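Please read the structure below before turning to the comments.
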Amino acid sequence: MSSQLINGKEISNTIRTGIQKEVQDLIAKGITPGLAVILVGEDPASHTYVANKEKACKELGIYSKLIKLPEDTTEEDLLAQIKQLNEASEIDGILVQLPLPKQINEQKVIETISPLKDVDGFHPNSVGKMLLGQETFLPCTPHGIMKLLEYSNIEVAGKHAVVIGRSHIVGVPMGQLLLQHDATVTYCHSKTKNLQEMTKQADILVVAIGRAKMITADYIKEGAAVIDVGMNRDENNHLCGDVDFDSVVEKTSAITPVPGGVGPMTITMLMYNTVQSAKTKLA
Ligand code: GUN
């Protein structure tokens, strides 16, 4: 079967062009969208993600404020920073890069961010509204994946979507968004028995497990669309996904590469949320 390569970079660029135009319109009206990113500690992957977010802001004309804090930052200090940003009129979105050092309670941090500036969509307010199908900030990776499917003309309604992974950042909201678009959804995770039996039923398979190349052809139904959220290093230190691309590609009808699939979309949807937040100042 010939497979459609889902080009996340290209789709992301198309969406970014629209966002850039919206930023220009806002700036013309005296509103510059602003994103604050807080990075605590020295995790190298987090530093890379944050650098990419800064770059995207710059390219789109969004003001970005990066706050780097040391590894031994106390929870109290971090919460105080967030409260200041909640009040700062030049800031429309606040993102605290996860994971955080162990002395800091992540949930408490998330709940301190004003729901009005929760561009990650992780606050319980945002999560609740998402579950109810109400307008809110949607979490960037699952939202980006919905856009990948839409721009690739992959029908979701009536399809069996299988999501592997149940993180609050990706897996859980992913299943909910697919459900809202009328898919039949199955969640799989580390305690799932007979994983292959489950995944072989998937018309759309979303893989977010964090294990390099774990999903091989044996897990795939002929003609499935496969979305790989993984970002790992293989034995040669090359970036790779959770899906063994070379082994599965022939069986799929569509597949995302790593890199260049889901990754660029996450940042694009973060930019989108920041601009949506800034637009509330227009009223
Ligand atoms: N760490 C990995 N992914 C994310 C994300 O989408 N948002 C935040 N804040 N941290 C992350």
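From the backbone N, Cα and C atoms, a Cβ is placed for every residue, glycine too.
Pulled from TrEMBL:
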type: DOMAIN; residues: 6-120; note: domain 'Tetrahydrofolate dehydrogenase/cyclohydrolase catalytic'
type: DOMAIN; residues: 139-281; note: domain 'Tetrahydrofolate dehydrogenase/cyclohydrolase NAD(P)-binding'
type: BINDING; residues: G165, R166, S167; note: NADP(+) binding site
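Apart from G165, R166, S167, the NADP(+) site neighbourhood in this chain, defined by C-beta within 8 angstroms of the site C-beta centre, holds V163, I164, H168, I169, V170, G171, V172, H189, A208, I209. Neighbours of R166 (NADP(+) binding site), defined as other CB atoms within 10 A of its CB across all chains, total 18.
Across the domain 'Tetrahydrofolate dehydrogenase/cyclohydrolase catalytic' (6-120), DSSP assigns 61 helix, 18 strand, 36 coil. Secondary structure counts, DSSP: the domain 'Tetrahydrofolate dehydrogenase/cyclohydrolase NAD(P)-binding' (139-281) has 57 helix, 29 strand, 57 coil. Cβ environment of G165 (NADP(+) binding site): G171, M174, C188, H189, V206, V207, A208, I209, G210, V229 lie under 8 Å away, each six or more residues apart in the same chain.
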